[in-house]
Amino acid sequence: MKRVVYPGTFDPITNGHIDLVQRASKLFDSVVIAVAASNRKGPLFTLEERVSLAQKALSHLSNIEVCGFDCLLKDLVEEKQAYGVVRGLRAVSDFEYEFQLANMNRALAPSMESLFLTPAEHLSYISSSLVKEIASLGGDVSKFVPKLVQSALTDKYNELKA
């Protein structure tokens, strides 16, 4: 069985992430969506909230698992008995960073493969950072995230303003 891990902060999960998971789920028997704690990044949502949002947003897919993690990615890939990781490349600017990560992961775990998927063109400009910025200023993010994520963003920013 070919299983891959799709790691990310998913703060929050976007339609771009969901598109990548849907396509990966057709290519592999199983996809583990690994939500990184990423405390250094200072995420808006807690790890538990991000895991929950991802689980709900991806509940229509039967061959996926969502989990949080706070360890080396190579250790999670080993634990999940995965073939490697899948990552999205939105633009050339993503490539340099992802190439560096892939090489570092290969140095740490020589058998771990890094696979890259490009997004659907109409989703290529979406990023969690931009979505959060738009939402924080009261903008409409309905084209970029599922309704449940849009509601969670509204609630979170209202909570922060209170």
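Each Cβ is built from the backbone N, Cα and C atoms, and glycine gets one as well.
Around the Cβ of THR9 (substrate binding site), the number of neighbouring Cβ atoms within 10 Å comes to 18. Annotation source Swiss-Prot lists substrate binding site at THR9, LYS41, LEU73, ARG87.
Here Swiss-Prot flags THR9, PHE10, HIS17, GLY88, LEU89, ARG90, GLU98, LEU123, SER124, TYR125, ILE126, SER127, SER128, SER129 as ATP binding site. Close to SER124 (ATP binding site) in the fold, though at least 6 residues off in sequence, lie GLY16, ARG90, ALA91, THR118, each with a CB less than 8 Å from its CB.
Around the Cβ of HIS17 (ATP binding site), 25 further Cβ atoms fall within 10 Å across all displayed protein chains. DSSP assigns HIS17 (ATP binding site) to a helix. According to Swiss-Prot, the site 'Transition state stabilizer' annotation covers HIS17.
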Taking only C-alpha atoms and a 10 A limit, tell me which of LEU89, GLU98, ILE126, SER128 are near THR9 (substrate binding site). These are the binding-site residues. SER128
Based on Cα distances to LYS41 (substrate binding site), point out the closest of the binding-site residues HIS17, LEU89, SER128. SER128
Within 10 angstroms of the C-beta of LYS41 (substrate binding site), what count of other C-beta atoms is obtained when all protein chains are considered? 11
